[in-house]
Each structure stands twice: as structure tokens, then as C-alpha cells.
């Protein structure tokens, strides 16, 4: 994503070789920006940031536990716990969204 390539020149980590073209750089999964001298033009993209949240809609919950699991046991597994409504998982997996 473009936002992963927006970084300060001093943060750039070389991802290519001298004379690499923009196309070759991008084909390797790297960012390319030749607007500044003295810094890598082909550089590694920033890692994607992911935000985890507990879904509000009970119908999208994916089961992460077992019948009778306690809130503490569920949270130890790294999952969400909400003991209502009936008929849906009470211990369920987080959802993830890229920031």
C-alpha cells in the first residue's frame, strides 16, 4: 500500500542494488522513490499496522471456546468474551482491520 512507503528518508532500509529500476524494485515488493540523493531509492515498506477488536454483531462471532468456558479461560486464549445473547458463541475470536 502507498501509505507503507511514506516514511522519512532516514528510516529507509535498502531493498535493492545500485541502478535498480522502479519496476524491478516494485516487482521485489519494495518501495521506490528517486526524488532524494544520498538515501536508498529502493527501500523496504513499513510493516502493516493491524488493529484488533471484538465484533459487536453477535451473528459474526466465530467460536473460540467450548460450552461452559469462563471469561478468564477465554481471555487467556486471547479471545473476546460476552455472555449474551443466547444461541451465539460467548467466547469468540477478535476481528482485524488494517490501519
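Cβ atoms here come from the backbone N, Cα and C positions, even for glycine.
Just so you know, TrEMBL annotations never went through curation; they're auto-generated.
The disulfide bond annotation in TrEMBL covers 15-30 (among others). Within the same chain, residues at least 6 positions away in sequence whose Cβ sits under 8 Å from that of residue 30 (disulfide bond) are 15, 16, 42, 43, 44, 45.
The number of other CB atoms found within 10 A of the CB of residue 25 (disulfide bond), across every protein chain shown, is 21. Annotated disulfide bond per TrEMBL: 25-42 (among others), in sequence order.
Feature annotation from TrEMBL assigns disulfide bond to 54-80 (among others). Around the Cβ of residue 54 (disulfide bond), a 10 Å sphere holds 13 further Cβ atoms from the protein chains shown.
Here TrEMBL flags 64-79 (among others) as disulfide bond. Residue environment of residue 79 (disulfide bond) contains 21 other Cβ atoms, counted within 10 Å of its Cβ in all protein chains.
The disulfide bond feature in TrEMBL is assigned to 74-91 (among others). Sequence-distant neighbours of residue 74 (disulfide bond) (same chain, 6+ residues apart, CB-CB distance under 8 A): 64, 65, 80, 81, 90, 91.
Per TrEMBL, the feature domain 'P-type' maps to 1-46 (among others).
Under the heading domain 'P-type', TrEMBL lists 52-95 (among others).
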